[in-house]
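S.K.: Take a look at this one; I'll ask things after.
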């Protein structure tokens, strides 16, 4: 939580001159400060993670991952029959690469989002897969995991 | 015939193993500042019952002796009641400085003492796909690790 406050404070410091002007004009409002905080880049990322049910920021593409950890995420999603997800190759865009780390306050790639909410990286997705939690979370998104059908067939 | 050929090769291969110098990551005399820092910080912050800090850089497309890719196993009662994400965030926060400078990849296994005792195993990391080879930001990180 502290890091969220610190990054918010950094945001506010950089927008101080606008804030002071607003104060002088008597236009103090938290809403305005929040608007000043979010840059075009951050707003864009917010749209990106909310646009699709499953969003992955990775190195490379699902067809050609460029990193073992990103590949693991792709393979896990594939195992569950999740093929229709949005993926963004951070190697193509350094702004997105750095921006997403700041956005989710998470230092590494890959990053997985479900319904606009940050889920975690490769380790977390793998553990969710192993524990069965991933099937449940996909169900909440309205996605039926292919593993459920595999289980049915084997019975 | 194959088995006799193998018998011939075996003594030669063992001689080769003896004369080959220890790989960087196995050589105890090589300094490991980043690994030491990780160990110290995690010990202090999370008071773990069990801690493993493994330098996996040799498994990736970086020069020998790099300290860029790590796997940590932390077993701590402080993880009780925390979700996976919360646990990982705790570890990330502890190693914030290193993650923003020299650590390129950090694999985390964060378990409670009960989870660890019921399953004392460390998950294997996925194989490298050579991404670091094409990553121009790696040079900076590797330098930060050495300085």
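For all residues, glycine too, the Cβ spot is worked out from N, Cα and C.
Note that the structure is predicted; figures quoted are calculated from it, not measured.
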S.K.: According to Swiss-Prot, A:97, A:98, A:99, A:100, A:101, A:109, A:122, A:123 bind glutathione; which of A:59, A:140 is also listed for that site?
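M.R.: So, going by the record in Swiss-Prot, that would be A:59.
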S.K.: Short of 8 angstroms on C-beta distance to chain B, which of the listed binding-site residues (A:59, A:67, A:98, A:100) are there?
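M.R.: Out of A:59, A:67, A:98, A:100, A:59, A:67 lie under 8 Å of chain B.
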S.K.: List the same-chain residues at least 6 positions away in sequence whose Cβ sits under 8 Å from the Cβ of residue A:59 (glutathione binding site), in sequence order, or say none.
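M.R.: Spatial neighbours, sequence-distant, of residue A:59 (glutathione binding site): A:65, A:66, A:67, A:70, A:89, A:90, A:91, A:109, A:110.
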S.K.: State the count of C-beta atoms found within 10 angstroms of the C-beta of residue A:109 (glutathione binding site), not counting that atom itself.
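M.R.: For residue A:109 (glutathione binding site), the 10 Å Cβ neighbour count is 26.
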S.K.: Three states by DSSP: which one describes residue A:100 (glutathione binding site)?
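M.R.: DSSP assigns residue A:100 (glutathione binding site) to helix.
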S.K.: Please list, for the domain 'Glutaredoxin' (A:42-145), how many residues fall into helix, strand and coil according to DSSP.
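M.R.: The breakdown for the domain 'Glutaredoxin' (A:42-145) reads 54 helix, 19 strand, 31 coil.
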